[in-house]
């Protein structure tokens with residue numbers, strides 16, 4: 001399965017499978033949406049009392065949100081404009097998924113993000129990793145997989161901020177992008193899901209967003 005983000009294409013990304021209505025994960029998702037509406041993002045990311053951390057991370061995977069954000073600037077992110085997947089001059093990302101592509105390859109940003117979103121979709125659709133049925137436990141490696149997903153999704157934010165923020169401002173989407181990223185960062189910080197070194201490309205912005213919230 002491959003993703004084409006352009007609105008001009010007849011194909012678009014496939015959103016993550018729906019969480020079954022009435023399931024515990026569905027109730028958790030509703031709780032997450034309700035607390036987000038309060039405007040207090042620090043509070044919104046906290047694990048609800050008595051809930052399972054794996055389930056909370058599973059419903060807060062950020063995939064659809066990042067996919068839609070990238071979809072708004074896809075016409076500006078091309079093989080010509082972004083021949084490498086980067087976040088400014090100091091950070092470059094090469095793709096490997098350990099299965100289809102075992103040795104990291106250098107590729108354009110749109111190609112990298114296509115590989116990435118396809119890989120994330122495959123993880124989310126895997127019932128052994130992200131069980132949607134009531135009573136099915138999460139696997140022992142769930143946290144490790146979730147951390148890898150979030151680490152890689154962060155790179156899409158980093159690429160958008162470093163390479164396409166002018167386009168985001170032209171589209172008047174900066175408030176949406178900033179709120180989405182702030183929610184993402186507060187969430188990964190709350191549960192220590194991404195190594196600080198991985199966050200380096202946007203460290204200044206992260207500190208600014210954090211200080212505004214104090």
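Even glycines carry a Cβ here, placed using N, Cα and C.
Automatic, uncurated: that is what TrEMBL annotation is.
Listed in TrEMBL:
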BINDING   77, 82, 159, 164  Zn(2+) binding site
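In the structure shown, across all protein chains, 77 is the one of the binding-site residues 77, 82 with the greatest number of other Cβ atoms within 10 Å. Residue 164 (Zn(2+) binding site): 22 other CB atoms within 10 A of its CB, across all protein chains. Residues 73, 76, 81, 109, 110, 113, 160, 163 surround the recorded Zn(2+) site, their Cβ atoms falling within 8 Å of the Cβ centroid of 77, 82, 159, 164, which are themselves excluded.
Cβ contacts within 10 Å of residue 159 (Zn(2+) binding site), excluding its own Cβ and spanning all protein chains shown: 24.
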